[in-house]
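Feature annotations, courtesy of TrEMBL:
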type: ACT_SITE; residues: TYR133; note: active site, proton donor
type: ACT_SITE; residues: LYS204; note: active site, proton acceptor
type: BINDING; residues: ARG186, ASN441, ASN485; note: (S)-malate binding site
type: BINDING; residues: GLU276, ASP277, ASP300; note: divalent metal cation binding site
type: DOMAIN; residues: 110-291; note: domain 'Malic enzyme N-terminal'
type: DOMAIN; residues: 301-554; note: domain 'Malic enzyme NAD-binding'
Amino acid sequence: MAGRGEGNGAATMAGVATGGVEDAYGEDRATEDQPITPWAVCVASGHSLLRDPRHNKGLSFTEKERDAHYLRGLLPPVVLSQELQEKRLLQNVRQFQVPLQRYMALMDLQERNERLFYKLLIDNVEELLPVVYTPTVGEACQKYGSIFRRPQGLYISLKEKGRILELLRNWPEKSIQVIVVTDGERILGLGDLGCQGMGIPVGKLALYTALGGVRPSACLPITIDVGTNNEDLLKDEFYIGLRQKRATGQEYSDLLDEFMAAIKQNYGQKVLVQFEDFANYNAFTLLEKYRANNLVFNDDIQGTAAVVLAGLIAAQKFVSGTLADHTFLFFGAGEAGTGIAELVALEISNQSKVPVEDARKKIWLLDSKGLIVSSRKDSLQPFKKRYAHEHEPVKDLLDAVKVIKPTALIGSAGVGQSFTKEVIEAMSSINERPIILALSNPTSQSECTAEQAYSWSKGRAIFGSGSPFDPVKYNDKLFVPAQANNAYIFPGFGLGVVISGAIRVKDEMILAAAEGLADQVTPEHVDKGLIYPPFSCIRKISANIAARVAAKAYDLGLASHLPRPKDLVKYAESCMYSPIYRSYR
């Protein structure tokens with residue numbers, strides 16, 4: 001279950017017999033090879049121990065542990081290694097042909113045996129990441145009411161207005177470091193899923209632990225339920241949320257203000273609050289409203305921007321010049337598109353030592369009404385106005401490509417198959433190596449497939465996507481599509497915030513995360529056409545990103561964990577959660 005782990009309360013009750021080490025969470029934590037006494041045994045029986053996902057080892061309990069904790073007869077006589085358990089479970093998961101069934105099997109494992117769940121996910125991350133997160137988590141959210149079994153996070157609804165602090169105190173873990181919160185209004189590209197959006201915070205925090213090493217007990221998934229405008233859900237007898245239209249305006253704002261104040265009062269100012277899958281108009285408003293006085297991060301805006309910027313920086317290894325030499329055209333001007341654009345502008349400004357206003361002139365945005373130009377300024381949302389350049393109106397994407405002549409085309413509009421053959425051929429006629437990033441999720445809403453990008457560009461495209469695609473063979477050459485997955489960034493970013501004790505998130509820290517990811521792309525990766533390193537080494541990647549983020553926090557005077565460690569990469573690695581079973585007395 002997300003949010004469970006060897007937290008402060010559990011460790012205290014465990015009666016650790018030998019000295020521990022103080023970790024980045026400010027707690028005395030037993031090292032992995034030290035024996036502990038599970039608290040469940042102290043208060044109940046071996047049967048309770050088997051039911052506690054934090055301590056359950058299943059058939060891996062040793063002969064001595066079975067005698068010491070009254071487990072004899074409660075388990076078959078065989079003793080299996082954790083590795084053999086993992087092998088068996090992976091075989092079981094693979095037997096399911098339907099992705100949602102695989103998802104449910106893994107969630108059941110997480111609620112039954114936490115360490116085995118994370119070991120399975122860490123060791124098989126490339127295979128299982130699409131199961132525990134995108135694209136499968138989208139279907140899980142759509143059907144969350146039907147598959148709901150037990151709460152995996154905290155639900156805060158309008159009914160609890162005035163009592164949010166009380167609700168936070170109901171959560172069993174007290175040492176929280178990372179919160180992922182959603183109001184369910186814009187779940188992936190699927191729209192308003194209301195309270196059923198809980199699958200997103202649960203999935204994100206599972207990745208914070210598996211990929212970034214943040215302890216499970218330090219993670220808290222939260223869904224804020226203000227209603228839903230999804231008529232199908234309101235009519236669904238199995239819907240688990242409030243059956244009312246969404247609250248807006250002052251009522252919504254007051255609830256969020258109470259929520260943020262309660263978070264700070266209950267957990268202090270060093271808990272990272274990640275906003276996830278809020279509608280565009282709320283996402284930008286909330287980030288701007290709270291970032292000055294709270295430790296907040298929006299993955300859809302800042303995380304997406306960082307991973308895409310990292311891909312663009314790495315793409316320079318395929319082409320000559322710098323980012324400032326490029327012209328960027330964004331298809332989609334929502335929170336993802338404008339967030340990426342702004343971070344790219346900041347990076348160009350830093351690299352070229354030019355004002356960010358000048359850097360923005362290299363970036364063009366196209367929304368549902370056409371190219372964003374100065375003649376539309378009066379009708380534009382504030383976050384779009386800074387990209388309203390002088391130009392004649394242009395209505396469609398193909399015409400925009402022909403007149404703007406971009407070197408990089410970046411899609412984030414959620415309009416499937418919008419990068420047509422004509423669009424990609426036009427990009428290829430302008431550029432020897434066109435950069436094509438089809439970022440929309442899920443796969444059905446991707447602007448084009450990897451096969452289309454490579455075949456229509458005659459194998460010349462530098463391609464990245466938001467959804468995973470299989471390798472493509474074109475003219476006897478194998479191309480490995482790069483997935484611009486936010487999971488490259490947010491786990492390491494969160495770890496960097498935690499280990500430094502940062503009290504605010506600044507743009508310089510986001511840039512540091514992007515640069516840290518781009519640095520992990522080696523010449524060997526470039527030879528395969530990759531603009532991101534393989535996920536198989538994600539923990540190493542996350543440790544390096546964490547070190548870069550923490551270093552920037554120290555440089556900016558925002559870190560509270562002093563003194564500064566001499567080797568931040570090694571320190572990050574030492575703080576990462578390990579899923580290996582512990583030995584019990």
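Every residue, even glycine, has its Cβ placed from backbone N, Cα and C.
Structure with TrEMBL features highlighted.
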{"residue": "TYR133", "record": "active site, proton donor", "Cβ neighbours (10 Å)": "24"}
{"residue": "ARG186", "record": "(S)-malate binding site", "Cβ neighbours (10 Å)": "24"}
{"residue": "LYS204", "record": "active site, proton acceptor", "Cβ neighbours (10 Å)": "28"}
{"residue": "GLU276", "record": "divalent metal cation binding site", "Cβ neighbours (10 Å)": "28"}
{"residue": "ASP277", "record": "divalent metal cation binding site", "Cβ neighbours (10 Å)": "25"}
{"residue": "ASP300", "record": "divalent metal cation binding site", "Cβ neighbours (10 Å)": "23"}
{"residue": "ASN441", "record": "(S)-malate binding site", "Cβ neighbours (10 Å)": "24"}
{"residue": "ASN485", "record": "(S)-malate binding site", "Cβ neighbours (10 Å)": "26"}
Candidates TYR133, ARG186, ASN441, ASN485 (recorded positions) with Cα within 10 Å of ASP277 (divalent metal cation binding site): ARG186
Predicted model, mean pLDDT over the domain 'Malic enzyme N-terminal' (110-291): 95
GLU276 (divalent metal cation binding site): nearby recorded positions from TYR133, ARG186, LYS204, ASN441, ASN485, Cα cut-off 10 Å: ARG186, LYS204
TYR133 (active site, proton donor) to LYS204 (active site, proton acceptor) - Cα separation in whole Å: 7
Integer Å distance between the CA atoms belonging to the residue listed as 'active site, proton acceptor' and ASN485 ((S)-malate binding site): 12
Distance from ARG186 ((S)-malate binding site) back to ASP300 (divalent metal cation binding site), taken between C-alpha atoms, in Å: 10
Remaining residues near the recorded divalent metal cation site, that is with C-beta within 8 Å of the centroid of the site residues GLU276, ASP277, ASP300: THR182, ARG186, ILE187, ILE200, PHE275, PHE278, ALA283, ASN298, ASP299
Site diameter for (S)-malate, Å, by largest Cα distance between ARG186, ASN441, ASN485: 18
Spatial separation of LYS204 (active site, proton acceptor) from ASN441 ((S)-malate binding site) - C-alpha basis, Å: 15
